[in-house]
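Shown next, in structure tokens, is the structure this report addresses.
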Amino acid sequence: MDLFGNIAMGLGVAVQPINIGFCFIGALLGTVIGVLPGVGPTATMALLLPLTFGLPTEASIIMLAGIYYGAQYGGSTTAILLNLPGETSSVVTTLDGHQMARQGRAGAALAIAAIGSLVGGSVATLVLAAFGPLLTRAALSFSAPDYFALILFGLLVSIILAHGSLLKSVTMVVAGIALGTIGVDINTGQFRMTFGTMELAEGINFVPLAMGLFGIADILRNLENRGSGMGTVSVISSLWPSRDDIRRSWPAILRGTGLGSLLGVLPGGGATLASFASYSLEKKVAADPARFGKGAIEGVAGPETANNAAAQTSFVPLLTLGLPTNAVMALLVGAFIIQGVQPGPMMLKQQPGLFWGLIASMWIGNLMLVVINLPLIGLWVKLLRVRYEFLFPAVLLFCAIGAYSLHNSGFDILVMAVFGAVGYLLIKLGCEPTPLLLGFVLGPMLEENLRRSLMLSRGSLMTFIEHPISLTILIAFALTLVTVVRPSMRRKRDIAFAEEET
Amino acid sequence: MLRFVRHAIMAALVAGVGIGMSCAHADNWPSRNVSIIVPYSAGGATDILARKIAEGLTNELGRTVIVDNRAGAGGILGTTLAANAKPDGYTLFFGQVSSHGIVPNLAASLKYDPVKSFEPIIFIASIPNILVVNKDLPVNSVDELIAYAKANPDKLNYASSGIGASTHLSGEMFKSQAGISMTHIPFPGSAQAITSVMGGQTQIMFDNMPSAYQHVLSGGLKALAVTTKNRSPAAPDIPTVAEAATKADLSKFEATSWFGLFAPAGTPAEVITRVNTSVNDLLKKPEIIKFINDGGGVTEGGTPEELAKHVTAELAKWKVVINDAGIPKQ
């Protein structure tokens, strides 16, 4: 095992001035687009792809990768400050992060997100370097029934993670699953619930849905409560996490690193699950779960660490097999091919400098992200002091630009507006949008893997018991279900949540 | 009535001005940037080839040629947009086997006609699909695969990148011509499909050459044949399906992913000629030839009429495959 030799070679490539320069540009761009609501890494990388034609291979890939993990990182900023999740992974950050901001602790939330991301990203990169090929084999043995069981478990977790009435959160999950069925059915190619419009043929896009339900709905509510100031923050207590914050956060950061590194490897959207899984784990192990949803710093530290760790390990299937795990990775494949490199099993042999250089650049990039972002925290927090009359039109404008940039079409702006109204209604009804979003993301994956499992087993339900991974997860599912439903436990849950509703 | 007449006069005036303008444009075309609509998102195989061609055209024409990604509805959205775009030479369309071969036979209703809504410009490239199997499947040739399928009916699963994709219809064509049965397992993309073949959840796939071939080189998959009429320059030792099948008649088996440049119907002939000449020149450049060969494909080129003929042949061929497989209209 020549891991250290390889890493040394990689560092040799990554510290070349041109590569350091482009790594910085990537990390900076990623932060900026992460901060702008709705402008995601996919649109930015698609825009920048032609500019990379003339660059050396290492520099262009290092920059594009930097945009990707930089955006993961920057996305937490708007989630915390403005309750605007730009992507799936930052949805849970809004739960406690935005509450912290409302309590004037935005600085602490942002700083802990930065520190957690650095730890998660660095450790996960080491995991990627040391165990990449091994993890790939494990991911390959994950079959349709295993995915089905994992996603089912994820949905149950999403119900646990919500506050308020169990009935309401189940309703929200089901509504999310229903919204997720819109679009072409993979198994038959038939259009479902598209009402003959081509815009709906590929379903509702996550970004306008999330921006509408969270960001726009929040603006509507804030405007309604104009009497109580700008609706967010009046006093800002401190810019930095207190000693108590650090004490609470570090175990969450360690757990988030482990969870994120593992789930990120799964080709079927494991990274999506990472931040949700981390949040519910933190809530489970907390001595006082009632603090969650009211500004618990562990609820920021865990998920933010997990999503950054997952962002790094989701490079594993790409680099070892050439298999993209999400839309951004698919774009990276394109960037590799344009440079004349086919990402995959042969890359390590044919282009070791590129492979190890990219991995080493991730450490440098993660460090740069902290260097870029820590000084900015003061600036971001000041943003909250901007008068709301000036702040909210700017946010609306950026949301609209972000929605438009997805498909270069106005339809997504319309979707965002509709779900903004829906989100406002949900706030009035006391329903949480988080389980809805999770149902929306996981529902189609659940259906796809259920139907695929049954097609492969020729209709036999035994397939879920015959696969050991699926069986294990289903047993865990059953045990969790029992603890949720058992009357004594439910009473405890009700007490905990009744407090929160006051 | 008066209002109607006024509208009619207005419309005639506008149309007249429009025609006048487009004539003026054709003379000094291109006087501004040209865009090529690609009906898929950035980073995919179609997009990458389109960007390579756009880059070359930019140099040839002296005006920036940009790629406009209009993904949606499996490519139908972008194709319809292109069909209805102003035929002034500033919007071109990157067509492929899907938009001008498969989809018109599969869709219940389309707002474009692959022949009437477009002017063909030039046939750009053909890329084979490659028949790969899981490395533990006890077959090493097309003959052995057919024998295995007949000895183990209903055991084999083949993966595809989605209903109506060339990876799906290649499988259906193989089933019907070889007289075997396999279950089709669709995935939402090529990457997930090939993962399942490597992991052994499915056994067979007719994948696009560039992404699958690397797994053949690394020993993760076994390659049995390519789906084109001729062997691929990137892998000359892999036989074609027609060559490899000695015990079944697969001589007519041919399934190719191909790409061609089109313009909306009514685009001035001068523009078509100019682009055709430029792209023909481009396709002779060693850099472009190498890029397409590295992806397993071959460059095509030729006249607009040759592309028109190819489209007609493809539409007819896939119609038969889709009917034989009994795939319902969508």
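Here, residue 1 is simply the first one shown, and the rest follow in order.
From the backbone N, Cα and C atoms, a Cβ is placed for every residue, glycine too.
As the structure is a computational prediction, the values presented were derived from the model and not from experiment.
Copied over from TrEMBL, here are the features:
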type     : residues  : note
DOMAIN   : A:21-438  : domain 'DUF112'
TRANSMEM : A:18-39   : transmembrane segment
TRANSMEM : A:46-69   : transmembrane segment
TRANSMEM : A:108-135 : transmembrane segment
TRANSMEM : A:147-164 : transmembrane segment
TRANSMEM : A:321-341 : transmembrane segment
TRANSMEM : A:353-378 : transmembrane segment
TRANSMEM : A:390-406 : transmembrane segment
TRANSMEM : A:461-485 : transmembrane segment
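Taking pairs at least six residues apart, the transmembrane segment (A:147-164) and the transmembrane segment (A:353-378) share fewer than three Cβ pairs below 8 Å and do not count as touching.
Only residues 6 or more beyond the boundaries of the transmembrane segment (A:46-69), in the same chain, are considered here, and those with a CB under 8 A from a CB of the stretch are 13-14, 16, 18-19, 21-27, 29-30, 33, 121, 308, 311-312, 315, 328, 331-332, 334-336, 338-341, 351, 353-354, 357-358, 361-362, 365-366, 369. Per-residue confidence over the domain 'DUF112' (A:21-438) averages 84 (mean pLDDT, predicted model).
Long-range contacts of the transmembrane segment (A:108-135) within its own chain (CB-CB distance under 8 A, at least 6 residues past either end) are made by residues 3, 6-7, 69, 72-73, 76-77, 80-81, 93, 96-97, 100-101, 238-242, 245-246, 249, 252-254, 256-257, 260-261, 264-265, 297, 300-302, 304-313, 315-316, 319-320, 356, 359, 362-363, 366-367, 369-370, 373-374, 377, 380-381.
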